[in-house]
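Okay, so here's the structure we're looking at.
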């Protein structure tokens, strides 16, 4: 048996028989794991430098709107052209769109001539409508006048310009096909206007291709994985008010309410938590069915604004929502069956939670304390999200190389048809941008784990002071134990917390990368065929997940021993692991069932945040115009994740209270020949009854 820690965390004689002068928590501490604190500070400096690159090179509007043929982003102001009100991208030449859709076509859609418009033009039944290029050169029109004329100045063209326009080389182009606003791009409908086509042919215009290819070419580009990913990221930026309310304020309010309820109605809270969890899970599932169009008429649609009801345009977003709806149905069924299975264990959870409720009643500052890391995380997330949007949209706008393609167009400044500088533009992403994005994501996860770990360590230090002072009225017990614990953390243990959070972040990142590789090989059909290899393939995934869970559990107990003893992270982990292994039969089931109820409580808060996010995104503001959210999935998922993080900060009060008291109980029992002297009666009753049940099972 290792030597007692009484001189460190207890208020009784040490191994040499002397009475300690250091009080409840040892005061003569040292700074631990300083090297990792230096690494963490250096990492923050790197995050700032990395973010400044995004602010310098990025433009979040690129995620929503496309580029015109000059390389300008629609919906934004540029040095030579103000396109603030012109958010829609329109392809001028229908034959170029058709050619880009051919399998063997040399012209890519990115090189087809596009301009930015206020609305999608429609063909006329009586005459031929035109959409002309931006006014320039001899065309003395202001942009506002050009917009007021519905982009048509064909009557001002010289004979040379008119002839060029009839060859589909501009500066004016006929409106032959109807189009609809699909994610800020005018999607051609492969249904030419007979009247407009007849007028065009009477004027001697070149032959215009009519085929479904003209429809599919644009749709294929709009539904590419890169385009969908950009829209999803843009959705998060557009829905920032939803994130503030549903990812910050709502879970903050619910978490505080939950702590007050656990303080005063502890016997009912496990039952309320289980029932509420299942109700919220079913509610979120129903909302997924609504957005999938399987219930009602509120399916996700890519079309923005009013349109012909006979136009039915679907995108990947609807497929993703339907997939999530099916997944949520499966999760709901499993959750209901699991809830039924753990009913017998809920009474045990009640007795465990009573201990935490008593601690909260004695150290009432614990209810308010999580607001401090919450505020720090909220500020961090706001700057991080803004930097992430700029990083994701960073890149250099370059002109494409389109040799041997028919992209000639009339240049109003040069006063001739130009075939040398007619190619479109695209955004070039260099490899270092990808590295910067992954570095930024890792930084977010590490910072989140660091704040959560710091909060847990402070709570553990506060609860340890309470446990070891049971029955004493010592002036050495801090009047405000929470702030005393914060002071010890800031002065001695930040390096240890940085190390623990780094380990969790690293393991989670490795698991994410391996999971991505596994999914990629599965899609490519590279999954091993032999049953033995396939079993190893999936077993490795499960083992890595188990390792991650174990490390998180060990870290949590290590933070407790860091707060109590002031040891380094590795030493504290060894002490905590030894205590748990020595008492595993006595505390195993008790601790697990308490963690299950707390986990369900976190899910309740996060699911309610997700449900409220669904309701807020149903507002007209996010269903039309430039604020339209392409899919509620990512904003709602972000609300769920933020809600879970906020709940973790506040629920750590209960979680760490239980774990700290249990670890203190283990050490207390070890130092007093199996009879804990400082344990609360509720905890003794629960642990003794569980030990009796275990002995009965072993005997039989």
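Backbone N, Cα and C define each Cβ position, glycine as well.
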Report summary line: Expected hit for transmembrane segment in TrEMBL across 404-436, 437-469, 536-568 is 437-469
Report summary line: Residues outside the transmembrane segment (34-55) whose C-beta sits under 8 Å from one of its C-beta atoms, at least 6 past its ends, are 383-384, 387-388, 390-392, 394, 436, 439-440, 443, 446, 450, 494-496, 498-499, 502
Query raised in the report: Under 8 Å, at least 3 Cβ pairs, sequence separation 6 or more: does that hold for the transmembrane segment (268-290) versus the transmembrane segment (634-654)?
Result: no
Requested in this report: Verify whether three or more Cβ pairs under 8 angstroms connect the transmembrane segment (592-614) with the transmembrane segment (324-347), leaving out any pair fewer than 6 apart in sequence.
Outcome: yes
Report summary line: Given 240-262, 367-389, 592-614, the one sharing the most C-beta pairs under 8 Å with the transmembrane segment (634-654) is 240-262
